[in-house]
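A.B. asks: Before I ask anything, let me first share the structure, which is written out below as structure tokens.
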Amino acid sequence: MKNIVDLKKFFGEDLIKKNAKHIVDLIEILRSNSGDFNGEVRSERMARAVGNSSASSNFLSNILQSINIGDLFKAGNQTGQGLAAILSGLTSVLGGTNNPSTISPQTLQVIMSMVQNTNISQVLPQILKMLPQADQLFGNGSNLMNMAQALQNNPSLASALPQVLSSQLANSTMTMLYMLYTAVSNAPSQCSSDLTQMFTGIATGQGWALSMLDAFGKPPAGLKSFRIKWWGDFDECQAVDTASIKGQYCKTSIYISGVDLGGIPISLEEGVCMPSSCPEETVKALLAPAFTALSQSLPNGIGLYVYKAECKIEDMPLDGKAVAMTIVCAGILLILIVATLFDVYITRKMKSGANQSTKQNPEVSKKYEAEGVAGNPVKHPQPLQLGLLERVLLAFSVYTNGKKLLSAKKSAGSLSALHGIRFLSMSWVILGHALALNMGIFGNFYAVAQEWISWTSFQAIQNALVSVDSFFALSGLLVAYLTLKEMKKLGGILKLNWGMFYFHRFWRLTPVYMLLLGMYTCFTKYIGEGPNYNQKDLAACTNKWWTNLLYINNFVYYDYQPAGCLGHSWYLANDMQFYILSPLIMVPFYIHPVLGVIASVIFLGATWGSLIGLGLHYSWPPTQMGGGVDMSNRDKMFAEYYIKPYGRMGPYIIGLITGYILYRTKCKCRMPWFVAVLGWVVATVVACLVLYGLHDAFNNNPLSVDVSVFYLTVHRTVWGACVCWVVFACATGNGGFINTLLSWEAFIPLARLTYCAYLIHPILMEVYVGTLRHPIDLTIISLSFLNIAYLVSSMAFAFILSVAFESPMMALEKIVFGKDKKKPELMKQKANGHSEIPIVSTVYGNGVSNGLGHQKMPDETVDTLYPKIPSETVNEKM
């Protein structure tokens, strides 16, 4: 009677004594490991063991709910036959012999207790045996495929188990197994056969099959906080590899309807481990009907709908596109190596020909004075004449281009505050994307988002969309300022080389843009793996890449999706379109200020009129993030407003006007201190209203349609005006400490990298999100560290991209159009340790020098695209 003594630790001694006879019979059954255990004998012995009274039934339920099922298996000499006998007896005792089509609450309690306290693979067949009519349907229950077919053919029986499981959503593994059982016969033959083998392996405890089962997604604590990212174990699933079955990780996405979190769609994500013979369509087809049935047991209005299943593939061979791009990248790398070695060779050769003991005074080195400094004569080597091919090769020198990019030199009179604005704005863009593009990896996002939205300070992230408008304003400002100066220098509008005006812009943007697009299209699916990694061909890039090349990707859709390939490249399309239209405002300003104002008003009126019409038509909220009374058409805002030029040109127009004012005033506008202070106060207050003014609207006080449309129409233009005030005040000597901060020399090299950083940072985020194995928690600390990591890695990769391709392409433009005419000076610089090509700053190929012999990037003239605002174009002496 040792077993009775063991039971005392689970139940009071009085209860044991009261039911002693039943317990003795129960233990006898559990200790049996042989004999005839057909359904009839089991039912009879179990009925005798527990009696037919409800008290005995409740007692047995209490036993099964309190004793670990593993102990019962041990009591049955690990054969499981004793447990099978108990469950078979429960079919008649608890299920009710008179109404076999229903399951009593006690049976459901026992089932859930078993699911919670033991390995599901050991008890699943026995649980199914508890269901009414189980013996007739399943026979001895050994054939799992028969079980699946029986459940599929018996709707009343098939609906029982989901009802049980829906009350305990945490038992997702059981749920997924049931779903596969019920629909496995619908799978293709090889998939069906492999699933049968997997189920059999689970039932018989085979290690590989249990690994597949263990890799299934399981929910953590916190379901009430919408922790519904159950990714499972990607690596454990992919590691399964037997002679006949290879594990394949699939992530299913289940939309949860009827749950409102302020317009945020809710999706359950659950990972499943399937045989590799089962394609994505089959996995979705196997699970979709079962989840739909499962949703019937949920509260009214809540539904579960499988809308996507993504299965991962290992060891994909390189396709033709990837091979071709590999050859291109290898060729570029080879040229970089050869060019750098050649550059170093020339530098060393020229140094060896000079008097190494001579030290030049930096103040006069740019003039290469023949007389000595401090009594020491300066000896120059004879200039080395370089041919065209040699100069082309030197354009790819990592040594030279790297020094130019990292130089922090600046000239007096430059608009140096632009460097700080560019870098800080780029950091803000990355911060916004660190949250927006990474929402899928935060397990607690739904709960945390509701709390953070209530913070006023969070508006700086939630409303970070205006960070892009800062670059539009800066772009327009510099285009107008530099173009008008060039017109004046050349003597008129017609003197300007308008062909070069447009070609230079196209060449400045396009080569590095197209190279990155090509690498993204060809390599992305090969460079990573994980639960969220996209291994499919990027159809939008493959089929619509030409829209990016022509900068019309914000108008041409692919598969009804706006923005096409590289979704963030909508900015480049807008900026190019604004640049094409900019002469229609600049030229009238050059002719007469009144004409310029009229042209600006026409364009601004057209922009605002379009937004007013669209906003009222769709009853849009003030921003894409919400805040309005009508949210029904918010999904149309990105395609119809956010990426369209008529929705974004306001800040650019303000920038053009500000550039004209700087041109007319020659950056000299001294104002009384109180006027300057007033300007700063007004700009600060207005900027804060734009940025933080929607706090109440996001927190249950939505704006009316009219107010929403007003904000939608003017807030970007007003923000651009605030940014332009900062530039104007700093350029005219009214910036004070702000100008000192934004003009910090460390910002100069960082600002040069912002264009490439903008291009590449979403790709880095995509790779990180895709390869992450498990969700992380969203906190202020985790978001801060994630943002820093993204910012640093983006700048690092931007440096590589710029040195390897952006800078060489700009240097090639100088060579092709004959702008590198100071070869003797080149050699003199090399002799004195300056291993760099002196680049003359030209706006449109007409030779406007900025007086710098160092670091001048070939593009740094009117190149004001996002966010590569010319760092040294404005270094011209004014």
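Counting begins at 1 with the first residue displayed.
Each residue, glycine too, has its Cβ placed from N, Cα and C.
What TrEMBL says about a protein is an automatic prediction, not a curated fact.
Grabbed the feature section from TrEMBL, which reads as follows:
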- 188-313: domain 'Nose resistant-to-fluoxetine protein N-terminal' (DOMAIN)
- 322-346: transmembrane segment (TRANSMEM)
- 428-449: transmembrane segment (TRANSMEM)
- 461-484: transmembrane segment (TRANSMEM)
- 505-527: transmembrane segment (TRANSMEM)
- 602-620: transmembrane segment (TRANSMEM)
- 646-663: transmembrane segment (TRANSMEM)
- 675-695: transmembrane segment (TRANSMEM)
- 707-729: transmembrane segment (TRANSMEM)
- 741-760: transmembrane segment (TRANSMEM)
- 780-805: transmembrane segment (TRANSMEM)
A.B. asks: Are there three or more C-beta pairs under 8 angstroms joining the transmembrane segment (505-527) and the transmembrane segment (707-729), sequence spacing 6 or more?
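C.D. replies: When sequence-distant Cβ pairs are counted, the transmembrane segment (505-527) does not touch the transmembrane segment (707-729), since fewer than 3 lie under 8 Å.
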A.B. asks: Counting a contact as 3 or more Cβ pairs under 8 Å, with residues at least 6 apart in sequence, do the transmembrane segment (428-449) and the transmembrane segment (646-663) touch?
C.D. replies: no
A.B. asks: For the transmembrane segment (741-760) and the transmembrane segment (505-527), decide whether they are in contact, meaning at least 3 CB pairs lie under 8 A, counting pairs 6 or more apart in sequence.
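C.D. replies: Contact between the transmembrane segment (741-760) and the transmembrane segment (505-527): present.
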A.B. asks: Of the listed stretches (322-346, 602-620, 646-663, 675-695), which one yields the highest count of Cβ-Cβ distances below 8 Å with the transmembrane segment (461-484)?
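C.D. replies: Ranking 322-346, 602-620, 646-663, 675-695 by Cβ pairs under 8 Å to the transmembrane segment (461-484) puts 646-663 first.
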A.B. asks: Counting Cβ pairs under 8 Å that are 6 or more apart in sequence, does the total for the transmembrane segment (505-527) and the transmembrane segment (646-663) reach three or more?
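C.D. replies: Between the transmembrane segment (646-663) and the transmembrane segment (505-527), which are separate recorded stretches, there is no contact, as judged by 3 or more close Cβ pairs.
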A.B. asks: Where else in the chain does the transmembrane segment (675-695) make close Cβ contacts, counting only residues six or more beyond its ends and a cut-off under 8 Å?
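C.D. replies: Same-chain residues near the transmembrane segment (675-695) but 6 or more away: 456, 459-460, 463, 466, 622-623, 625, 627, 703, 711, 715, 718-719, 721-722, 725-726, 729, 734, 738.
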A.B. asks: Using DSSP, break the domain 'Nose resistant-to-fluoxetine protein N-terminal' (188-313) down into helix, strand and coil residues and give each count.
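C.D. replies: Helix, strand, coil within the domain 'Nose resistant-to-fluoxetine protein N-terminal' (188-313): 47 helix, 35 strand, 44 coil.
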A.B. asks: Using a Cβ-Cβ cut-off of under 8 Å, list the residues of the same chain that are 6+ residues beyond the ends of the transmembrane segment (322-346) and lie near it.
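C.D. replies: Same-chain contacts beyond the ends: 384, 390, 393-400, 518-519, 522-523, 526, 804-805, 830, 835.
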